[in-house]
Amino acid sequence: MSTGTVVQVIGAVVDVEFPQHAVPQVYDALKITGEGTCNGLVLEVQQQLGGGVVRTIAMGSSDGLRRGIEVENTGSAIAVPVGKATLGRIMNVLGEPVDEAGPIGEEDRYVIHRAAPSYEEQSNTTELLETGIKVIDLVCPFAKGGKVGLFGGAGVGKTVNMMELINNIAKAHSGLSVFAGVGERTREGNDFYYEMMESGVLDKVAMVYGQMNEPPGNRLRVALTGLTMAEKFRDEGKDVLLFVDNIYRYTLAGTEVSALLGRMPSAVGYQPTLAEEMGVLQERITSTKTGSITSVQAVYVPADDLTDPSPATTFAHLDATVVLSRQIASLGIYPAVDPLDSTSRQLDPLVVGQEHYDVANGVQNVLQRYKELKDIIAILGMDELSDDDKMTVSRARKIERFLSQPFHVAEVFTGSPGKYVPLKDTIRGFKGILEGEFDHVPEQAFYMVGSVDEAVEKANKK
């Protein structure tokens with residue numbers, strides 16, 4: 001192993017000089033071996049500047065780092081623990097435990113920079129993944145081994161939706177999950193850990209956190225650390241769920257690193273390599289003939305603008321998009337999923353079946369018609385509408401309310417127990433509303449219930 005010395009430190013960017021014959025490769029991990037507070041700090045090589053000097057990004061705080069400190073080349077990229085030992089543990093970007101529960105005790109380590117599976121290895125079968133959340137199962141169904149994006153501005157419920165998905169899927173499908181917290185709030189990471197512990201699924205989840213307060217290098221690489229752990233489970237023949245909260249912070253960390261490295265920014269100040277960086281991550285999240293990775297990614301939408309380069313680049317990689325709307329959230333309807341804006345490649349009669357497809361289409365048509373009639377109602381009132389339109393409005397309002405649902409993870413705040421609704425019950429309920437079976441039931445009865453039977457029961461009680 002070659003050793004070098006630190007020649008320049010600018011925040012998270014550290015330049016290290018090595019002998020000309022032993023210059024580290026790009027993405028190699030370097031370790032600070034000199035004395036002081038930074039002993040053990042890991043640096044990742046980003047550029048070779050010539051003359052034996054490499055430019056690196058620090059994977060931790062560079063406080064106390066000074067010129068002349070000795071640095072050792074590890075000879076490979078950052079390697080993290082993988083396999084069963086990671087389940088139930090919280091780790092940082094380097095795979096070091098941060099939950100004070102002793103060493104990980106892993107049997108194997110993988111480097112975080114790996115090639116995506118080749119075309120021949122990839123699987124092409126389609127199978128639906130039931131989530132138990134009515135609006136998602138109906139309008140934007142998830143595929144096993146697919147990629148799903150949860151789009152939403154600040155405070156419309158991305159994290160709560162993601163927590164509910166983890167809770168439902170871990171309980172109903174008893175699958176393994178990897179949760180990568182990329183640049184999110186430490187409080188949420190803490191809540192998530194205790195929630196998983198309380199619901200008894202902690203031994204099925206591996207958690208990797210690179211929170212908001214950490215340097216950009218950590219936030220940029222933590223998604224790859226989580227993905228590497230998920231890949232190991234997939235290669236063992238398991239079906240894994242990879243949750244990334246939040247993919248926008250991954251882009252943002254890339255922007256910070258890019259600026260620190262002195263690259264010219266592109267549109268809206270993003271890094272010029274935005275599409276390539278996103279592609280490197282997304283292409284690895286795929287299913288092979290051995291096992292599957294189903295990924296759910298929360299995507300923060302800056303200023304609710306879906307045309308911003310970051311969400312727009314993410315859109316291209318996804319099979320299903322769940323768009324959370326501030327307008328729906330303001331009506332008190334949670335989950336605040338917009339059924340007219342959310343899409344899924346799986347919503348095809350050949351995949352979901354003709355009945356499901358027709359009901360989903362019917363729901364969207366009724367809601368779209370109601371949206372068009374809203375202006376007329378606002379100006380002239382309900383009385384000016386034809387009988388058919390009055391019927392459409394009445395059913396649309398019932399559908400809107402029936403799309404809401406109490407969540408298990410929100411029980412603490414709402415006091416109402418969470419509901420898991422099987423897909424067949426979801427289809428039966430919406431089909432009944434569309435066909436006028438429940439025209440006699442008041443719309444309030446459909447608010448915050450599980451299956452349609454609960455709505456009827458609620459109405460009868462009144």
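For all residues, glycine too, the Cβ spot is worked out from N, Cα and C.
Swiss-Prot annotations:
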type: BINDING; residues: GLY152, GLY153, ALA154, GLY155, VAL156, GLY157, LYS158, THR159; note: ATP binding site
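Features as recorded by Swiss-Prot, highlighted on the structure.
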{"residue": "GLY152", "record": "ATP binding site", "contacts (Cβ under 8 Å, 6+ apart)": "LYS158, ALA298, VAL299, TYR300, VAL301, VAL323, LEU324, SER325, ALA336"}
{"residue": "GLY153", "record": "ATP binding site", "contacts (Cβ under 8 Å, 6+ apart)": "TYR300, VAL301, PRO302, ALA303, ASP304, LEU324, ARG326"}
{"residue": "ALA154", "record": "ATP binding site", "contacts (Cβ under 8 Å, 6+ apart)": "TYR300"}
{"residue": "GLY155", "record": "ATP binding site", "contacts (Cβ under 8 Å, 6+ apart)": "ALA329"}
{"residue": "VAL156", "record": "ATP binding site", "contacts (Cβ under 8 Å, 6+ apart)": "LEU324, SER325, ARG326, ALA329, ALA336"}
{"residue": "GLY157", "record": "ATP binding site", "contacts (Cβ under 8 Å, 6+ apart)": "LEU324, ALA329, TYR334, PRO335, ALA336"}
{"residue": "THR159", "record": "ATP binding site", "contacts (Cβ under 8 Å, 6+ apart)": "GLU184, GLU188, ASP245, ALA298"}
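Summary of the ATP site environment: with the site residues GLY152, GLY153, ALA154, GLY155, VAL156, GLY157, LYS158, THR159 set aside, the chain residues having Cβ atoms within 8 Å of the Cβ mean position are TYR300, LEU324, ALA329. A strand conformation is recorded for GLY152 (ATP binding site) in the three-state DSSP classification.
Using a 10 Å radius centred on the Cβ of LYS158 (ATP binding site) and all shown protein chains, the other Cβ atoms total 27.
Secondary structure at THR159 (ATP binding site), as computed by DSSP, is helix.
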